[in-house]
Every structure is written in structure tokens, then in C-alpha cells.
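Swiss-Prot lists 26-46, 57-77, 99-119, 124-144, 149-169, 183-203, 227-247, 295-315, 323-342, 354-374, 395-415, 418-438 (among others) with the feature transmembrane segment, giving sequence analysis as the kind of evidence.
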Amino acid sequence: MIWHVQNENLILDSTIIFMKAFHLPLFDGSFIFPEGILIFGLILLLMIDSTSDQTDIPWFYFISSISLVMSITALLFRWREEPRILFSGNFQTNNFNEIFQFLILLCSTLCIPLSVEYIECTEMAITEFLLFVLTATLGGMFLCGANDLITIFVAPECFSLCSYLLSGYTKKDVRSNEATMKYLLMGGASSSILVHGFSWLYGSSGGEIELQEIVNGLINTQMYNSPGISIALIFITVGIGFKLSPAPSHQWTPDVYEGSPTPVVAFLSVTSKVAASASATRIFDIPFYFSSNEWHPLLEILAILSMILGNLIAITQTSMKRMLAYSSIGQIGYVIIGIIVGDANGGYASMITYMLFYISMNLGTFACIVLFGLRTGTDNIRDYAGLYTKDPFLALSLALCLLSLGGLPPLAGFFGKLHLFWCGWQAGLYFLVSIGLFTSVVSIYYYLKIIKLLMTGRKQEITPHVRNYRRSPLRSNNSIELSMIVCVIASTIPGISMNPIIAIAQDTLF
């Protein structure tokens with residue numbers, strides 16, 4: 001009888017332990033519901049692709065778009081919930097991470113309509129393209145919430161592998177193959193450098209991999225001001241620099257922008273920077289909290305080099321995509337100002353606000369380039385001359401997005417830069433802000449040079465590409481124009497919309 005009762009108690013205890021062990025991942029999984037929706041969408045795409053024919057192509061776009069929209073909805077419903085650390089410290093959910101995840105999902109949602117007509121006209125494989133985009137989005141979302149060194153390494157690799165495949169998607173294009181090889185080789189080298197930096201951080205903290213535990217470990221081992229931490233800081237900065245592409249880690253950017261399919265460039269130009277910015281902010285602010293006197297000057301140098309080199313070299317470019325590549329290098333210099341300022345002076349809020357506007361400005365510009373490229377087959381800046389005489393709507397849309405990128409009032413880019421520079425000035429970064437103001441004026445020069453070409457009416461300057469310009473082969477109302485309209489409207493938002501956006505961004509604390 002006693003043995004029977006003891007046996008029942010043993011079975012009951014074992015059952016409780018098993019249920020707790022099963023309930024933990026199930027409970028944690030409920031907090032990554034937005035990521036789970038994307039995973040379900042990926043599985044659904046694969047299943048439909050393996051059982052369908054070409055007549056089901058619209059379903060691929062519908063499933064991809066609805067997965068992204070549902071993921072955004074789930075993310076918004078989770079807003080303002082208590083921060084949680086999940087999966088034994090591997091992943092963290094809080095407002096700060098979630099707003100970056102929202103920005104990545106927004107980028108992907110706008111990029112898919114950009115790709116529809118492009119894929120139809122170039123006869124690219126559809127399913128694989130959408131799978132790579134969704135998987136890269138998933139990797140970016142996990143990177144935003146990564147809370148330990150292993151996840152911070154694995155998540156960007158998930159994003160990067162899809163990025164390599166997307167950049168080389170047009171296999172018969174020599175420029176695309178060249179861009180992919182450069183991207184792959186430099187990406188592999190940067191990952192190795194990043195892991196080496198992580199190894200120094202791991203050893204210095206006494207074998208800790210979780211970000212907050214690394215800080216505690218550095219305090220316990222008294223290694224927070226050691227040479228090992230300085231070495232880790234340098235290697236990690238170089239590794240993250242490849243993802244952000246500031247100067248001098250920018251060599252891959254112009255070639256990848258020029259050689260990759262334009263919708264891919266539009267996707268990579270914003271999502272990679274958003275995800276890398278979120279990761280860089282957490283890494284510099286948590287494990288390197290005691291080394292701020294070292295990484296502040298390091299990031300200031302990167303910001304100055306990026307703003308000066310990016311904007312000066314952009315003046316000399318003849319390709320629109322290469323010009324935007326160097327422009328993006330300059331733009332990331334402005335974003336770094338927000339990272340340096342930190343949370344105390346509203347730096348993170350200004351950085352998030354500017355990145356939101358940058359998404360609309362940049363994607364709007366790329367939507368115009370995709371549309372013009374499909375109708376003319378050229379990417380040369382000179383071939384845009386006189387576009388206003390043939391397609392005023394496209395010319396005006398491109399002009400507004402470029403002016404917003406340059407930061408002219410009363411467009412959104414002006415207010416984004418104004419808030420970013422003001423936060424930097426309040427934090428005492430006078431020289432850095434002065435360089436930012438100077439390079440912004442330089443960027444306005446080469447943007448206005450393009451706008452002047454768009455509006456020219458002199459026949460001797462109009463190239464055959466514009467003379468023979470027709471709205472075909474695309475439909476008059478197409479998804480590219482839909483994305484373009486949304487981005488143009490968002491790029492021209494007046495300053496009255498700034499206060500609620502900044503208020504939301506200021507709630508994104510760790």
C-alpha cells in the first residue's frame with residue numbers, strides 16, 4: 001500500500017515536471033507570435049509552391065503580404081506589455097526591440113508591391129524571391145530581440161544568407177554575380193571578425209553570453225576597463241560596421257547596389273540598417289556600458305567619415321543606384337549621431353524617428369527608379385533629363401523624395417534631421433552636428449542637380465530613353481505606383497505629425 005502511494009506520488013511529480021518543461025517553451029512561444037506568423041507564412045508558401053502551377057502566382061503575393069500585415073498587427077497588440085526575457089535568456093521583448101521590428105516589417109510590406117511588376121517583366125522566379133524576403137525579415141526581427149551573443153550572431157547570418165541570394169538573383173547578369181561575390185566574401189570576413197570580438201567579450205566576462213550577465217561578469221572579474229574589452233570593442237565595431245556600411249566599411253555597398261535587382265536593393269538598403277542599428281544600440285549600451293569613453297570617439301570618427309565621404313563621392317556618380325549607395329553611407333552617419341547621444345538626451349527617439357522617415361524617403365526613391373528602369377531600361381542619371389515632359393507624376397514623386405532625403409523644409413526629412421541634430425547639439429556633439437549640417441547642404445546640391453535634369457525642357461538635353469518613354473509595359477495603376485504614392489505621402493508629412501511620432505519613440509526604453 002505504501003509502495004503504491006509512493007509510486008503514484010512519483011508519477012504525479014514526474015507529470016508536473018514534464019508539464020512545466022513543456023509549458024515553458026509554449027509560454028515563451030506566445031511572445032514571439034509575430035515571428036511565428038512569418039514562419040507559418042513561409043511554410044504555407046512552400047506547400048502551395050509544391051502543389052500549384054503558374055495560375056496561383058497572385059496567391060504567393062497575397063500570402064506574403066498578409067503574413068507581414070498580420071505580423072505587424074500582432075506586434076501592435078503587444079505594444080506596452082511588460083519586458084520579458086525568453087528562451088533561457090536568448091530573446092527579449094520590450095518596446096525598444098518591438099519598434100525596430102515594426103520598422104523592418106514595414107520595410108518588407110512596402111518592398112513586396114515594388115517587386116510584383118519587376119518580377120513579371122524580368123521573368124524571375126517568384127516563390128524563391130518571396131521566401132528569401134520573408135526569411136531575411138524573420139532574421140532581422142530575431143536580431144532586434146537577440147539577448148545573447150549566440151543569437152546576435154545567428155540572427156544576422158540568417159538575414160545575410162538570404163541577402164547574398166537575393167543580390168545574385170539575376171544569375172545571368174555579370175554585374176549581379178560580381179556584386180554577390182563581393183558581398184559574400186566581405187560578409188564572411190565581417191562575421192569572422194564579429195565572432196572574434198565576441199570571444200574576447202565572452203572570456204573577459206568569465207564565460208557569460210547573455211548581455212546583462214556579461215555586464216555582471218565584467219564587474220565580478222574587474223575586467224570592464226581591461227585591454228581585452230578594448231580589443232573586443234574594436235572587433236565588434238568592425239563586424240557591425242559591415243552591416244551598417246559606414247565608411248570605411250562601405251566598399252561593398254556601391255557594387256551591390258548597382259549589380260543587384262532594384263527591388264532587392266530597396267529592401268536591403270533599409271532593413272539591414274534598421275536591424276543592425278537595433279543590435280548596435282543594445283551591444284554598445286549594455287556590455288560596453290563602462291567603455292562609453294572609448295566607443296563614443298570611435299563612433300564619432302565613423303560618423304564623420306561616413307557623412308563626408310558618402311556625400312562627397314555621391315556628387316561624382318553617374319548611376320542612380322550608385323548615387324543612392326553613397327547617399328545611404330552619408331545617411332547612416334546621421335543615424336550614428338543618435339546612437340552616440342543615447343537615451344539620456346533623446347538620441348534613441350530621434351534616431352528612430354529619422355529612420356522611420358528614411359524608410360519612406362528611400363523606398364519612395366527606389367520605387368521611382370524601379371518604374372523608370374522598367375519603362376526605359378536605363379539607370380544613368382543623365383537619362384532622366386526631361387522626364388517631367390513625359391511623366392509629370394513620376395518626376396514630381398522622385399523630386400519630392402530626393403528633396404526629403406536632402407532635408408529641405410517642410411518635408412519629413414527636414415524635421416527628422418532637425419530633431420536628430422538638436423539632440424546631438426544638446427549632448428555637446430557640436431563638431432559632429434556641424435559636419436552633419438555641412439554634409440546635408442552638400443547632399444542637397446546633388447539632389448537638386450538631378451531634379452534640374454528631371455524638369456529640363458530643352459530638347460538637346462533629352463536622351464532617346466525619355467523621348468521614347470511610354471507608360472507600358474506596365475498597367476496604368478500598378479503596385480509599384482501604389483508603394484510610391486504611400487512613400488511620397490509619408491515623405492512629405494508636415495512637422496505637425498512629429499510630436500506624436502517622437503512621443504511614441506521616447507517610450508522605447510530598454
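Note: Cβ is positioned from N, Cα and C throughout, glycine not excepted.
Residues 34, 61, 64-65, 68-69, 71-72, 75-76, 126, 129-130, 133-134, 137, 140-141, 144-145, 261-263, 266-267, 270-271, 274-275, 277-278, 352, 355-356, 359, 363, 366-367, 370, 374, 474-475, 478-480, 482-483, 486-487, 504-505, 508 of the same chain sit 6 or more residues outside the transmembrane segment (99-119) yet have a Cβ under 8 Å from a Cβ within it.
Of the candidate ranges 183-203, 295-315, 323-342, 354-374, 395-415, 183-203 has the most C-beta pairs within less than 8 angstroms of the transmembrane segment (149-169). Looking at 227-247, 295-315, 323-342, 395-415, 418-438, the range that has the most CB pairs within less than 8 A of the transmembrane segment (354-374) turns out to be 395-415. Counting Cβ pairs closer than 8 Å and at least 6 residues apart in sequence, the transmembrane segment (227-247) and the transmembrane segment (124-144) reach fewer than three and form no contact. If one looks beyond the transmembrane segment (57-77) by at least 6 residues along the same chain, the residues whose Cβ comes under 8 Å of a Cβ in the stretch are 33-35, 37-38, 40-42, 44-45, 48-49, 98, 101-102, 105-106, 108-109, 112-113, 116, 126-127, 130, 133-134, 137. Sequence-distant contacts of the transmembrane segment (295-315), counting only residues of its own chain at least 6 positions beyond either end whose CB sits under 8 Å from a CB of the stretch, comprise 233-234, 237, 241, 246-248, 250, 284, 288, 323, 326-334, 336-337, 339-340, 429, 432, 435-436, 439, 442-443, 445-446. Residues 300, 303-304, 307-308, 333-334, 337-338, 340-342, 344-347, 349-351, 353-354, 407, 498, 502 of the same chain lie 6 or more positions beyond the ends of the transmembrane segment (418-438) yet place their CB under 8 Å from a CB of it.
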